[in-house]
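The block underneath contains the structure these notes are about, expressed in structure tokens.
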Amino acid sequence: MQRVIIVGSTGSIGTQAIDFILKNRDSFLVVGLAASTQTSLLREQAQVFGTKNTAQGASEAAELIEATEADVVLNAITGAAGLLSTYATLKTGKRLALANKESLIMGGKYFLDMTSFKGQITPVDSEHSAIAQAMKSGKFSEVNKLILTASGGPFYDRESLEGITLKDALDHPTWNMGPMISINSATMFNKGLEIIEAHLLFGIPYSQIDVVIHPQSIVHSMVEYKDGSVIAQASVADMTLPIGYALSWPNRALNAVRPLEWGARQRWDFLPPTENSMRSINLARRAGEAGGVYPAVLNASNECAVEAFMAGKISFARIIHVTETVFNLYTKQHTNRESAKNPIEVILEEDARTRELAKTVIENMSAD
């Protein structure tokens, strides 16, 4: 039986994980829960599993992880707030089921160096879960490229991004997700972050990581091998499967999702990204290749831009413009440099510095 801590238990991934565990109670024991919002739901979840180990907020979540004996931690917190939970999980030698890609992107090589055993970080993102499964079909040296699939979001065929409302941006065509990742999917920024995540998790150079649009969201990603073979992982669009795979690793999950209906006629399209989406993807590649604190800076820039859009301060069309502007200003003013400080302190300091810069940029744009 695996002892599980879920941080971000009241969010989209957290609640889906709880539903999965309730169907597989013989395999999992929830020993801790943490959330930043919906405290009444958090209390209800704790009662269901009979645990008194609960926490509110990012700092308390990290303390809970350090103080509680567990086999696996599901980090389902949204955004940079998940950094401390990832740090605490790796520091205490627990296995990390990672839905919070932002923390890995921020921590980068530092977090990879903290891992104490193979498979300590198991991805929850459907794309990276698919890659992890497909890479079992060959040796690392035999991999030619990784191909990340993207639904294209709700605006793939739209020429102009002007006039898009918050409701429009949250209406994802295939996935049920939280607001931040839904908007990041709509701008394709999420796919840019996933390129950085794939590079860190699998050690494949950026030049060998491609993106294709697959509107049906059935093929979740692919690995192309040097002999010309392509190994893909396909399933219905349901996050329960990658959640279950990450929690059950190295075994496959039971009672996850229904199989595809192979007797029914299906259409699988694969299309190139649009010029609009490549702006996000290329910006992420640039930050990832630069390394150091730059991926953390990029993430903070985007989080501030998305929050400004959600607050009605900027238009949807300006999200990536703000992200790019803040990132460019930061890189002009600061360079990656060695520091005697704890890397987590450095990351948090530069994250805060970026957010102050973003605040000024957004205020100036709002005044125009």
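Cβ from N, Cα, C; glycine included.
Since we're looking at a predicted model, the values are computed, not measured.
Just one of GLY152, GLY153, GLY163, GLY178 is listed by Swiss-Prot for the same NADPH site as THR10, GLY11, SER12, ILE13, GLN38, ASN100, GLU102, and that one is GLY178. For the Mn(2+) site, Swiss-Prot records ASP125, GLU127, and the single candidate of GLU44, GLU60, GLU194 listed with them is GLU194. With respect to GLU194 (1-deoxy-D-xylulose 5-phosphate binding site), the closest of these binding-site residues in Cα terms is ASP125, chosen from SER12, ASP125, GLY178. Listed in sequence order, LEU74, ALA76, ALA99, VAL124, GLY178, MET239, ILE243 are the same-chain residues at least 6 apart in sequence whose CB falls under 8 Å from the CB of ILE13 (NADPH binding site). In sequence order, ILE181, ASN184 constitute the residues six or more apart from ASN190 (1-deoxy-D-xylulose 5-phosphate binding site) in its chain with CB-CB distances below 8 Å. Apart from the site residues ASP125, GLU127, GLU194, the chain places the Cβ of LYS101, PRO123, SER126, HIS128, LEU148, ASN190, LYS191, GLU197, ALA198, SER221 no farther than 8 Å from the centroid of the site's Cβ atoms, the recorded Mn(2+) location. Distances between the Cα of HIS172 (1-deoxy-D-xylulose 5-phosphate binding site) and those of the binding-site residues SER12, ASN100, ASP125 are shortest for SER12. Taking a C-beta cut-off of under 8 Å and a sequence gap of six or more, GLN38 (NADPH binding site) has these contacts in its own chain: THR10. Every protein chain shown contributes to the tally, and the Cβ of GLU194 (1-deoxy-D-xylulose 5-phosphate binding site) ends up with 27 other Cβ atoms within 10 Å.
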